[in-house]
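**Q** The structure's right below; bear with me while I get my questions together.
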Ligand SMILES: O=C[C@H](O)COP(=O)(O)O
């Protein structure tokens, strides 16, 4: 049986003060909430501080990126081994902001997926279509291509224990979330696509929805059978809003 996972992607936001305050707020708001995995992905610079601040809680540590190299002359990068060493577990790769601003290709992202699996970390593979691709009816084609980069090089078993985040680019930070029915249709397509290779792996893979998830729309999204929690951007920066989203996922799981 799958458990939902709600993960906060802080993106390029934070400070020592904010990390302390936000995690303290989350610990208070989420105490006693069960049935939903919770993770936060602060900027790399604050991972050590965040690890210390979540100690003894159910909140897991995540990160926003990883390099394909494990060590050496790669200025400015962070390796999978370093993320593991600091205590991170869920690592976001393929976010549309990195695909767009850093020109990351499907093949490059697939390499990151492999590096994370080899290190025993959990890839959170972000996929999703742009507005233009959506308008052109290419949503399924784009999602399939982004998944196939991993599926065809590492096999379906690579998705065992992994997380996929379906994030339509047009919904990210726009306040315009996909409707529950729209998101469910794509999530089902993604699961069925993996099931063509391995039904058991497809049944267990967590598929999060991401894109303008907030404390108002989360509960309805989580009623959908193939939506297993969320990757949350803006609303993860407020402890009360993020906690409402986590509680909605836990309630949907326990319903
Ligand atoms: O990683 C998170 C997503 O990009 C969603 O961001 P958002 O919740 O601010 O729309």
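Placement of Cβ uses the backbone N, Cα and C atoms for every residue, glycine included.
Feature list, courtesy of TrEMBL:
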- 9, 10, 11, 173, 212, 233, 234: substrate binding site (BINDING)
- 95: active site, electrophile (ACT_SITE)
- 167: active site, proton acceptor (ACT_SITE)
**Q** Could you list, ordered by sequence, which of these binding-site residues: 10, 173, 212, 233, 234, have a Cβ under 6 Å from ligand 1?
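**A** Listed by sequence, the hits are 173, 212, 233, 234.
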**Q** Any idea what the Cα distance is from residue 212 (substrate binding site) over to residue 167 (active site, proton acceptor), rounded to a whole Å?
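**A** Residue 212 (substrate binding site) and residue 167 (active site, proton acceptor) have their Cα atoms 9 Å apart.
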**Q** Counting other Cβ atoms within 10 Å of each Cβ, which of the binding-site residues 9, 212 scores lowest?
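**A** Sparsest of the binding-site residues 9, 212 by Cβ contacts within 10 Å: 212.
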**Q** What is the biggest Cα to Cα gap, in Å, among 9, 10, 11, 173, 212, 233, 234, the residues listed as binding substrate?
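**A** The substrate-binding residues span at most 14 Å between Cα atoms.
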**Q** Could you tell me the C-alpha distance between the residue listed as 'active site, electrophile' and residue 11 (substrate binding site) in angstrom, no decimals?
**A** 10
**Q** DSSP secondary structure for residue 9 (substrate binding site), reduced to helix/strand/coil, please.
**A** strand
**Q** Using a 10 Å radius around each Cβ and all protein chains in view, which of these binding-site residues has the most neighbours: 173, 233, 234?
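**A** The largest 10 Å Cβ neighbour count belongs to 233.
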**Q** Can you tell me how many other Cβ atoms are located within 10 Å of the Cβ belonging to residue 167 (active site, proton acceptor)?
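**A** 27, counting other Cβ atoms within 10 Å of residue 167 (active site, proton acceptor).
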**Q** Residue 234 (substrate binding site) to residue 167 (active site, proton acceptor): how many Å between their Cα atoms?
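**A** Between the alpha carbons of residue 234 (substrate binding site) and residue 167 (active site, proton acceptor) there are 14 Å.
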**Q** Taking DSSP three-state, what's residue 95 (active site, electrophile) in: helix, strand or coil?
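**A** In three-state terms, residue 95 (active site, electrophile) counts as coil.
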**Q** Using other CB atoms within 10 angstroms as the count, which residue among the recorded positions 11, 95 scores least?
**A** 11
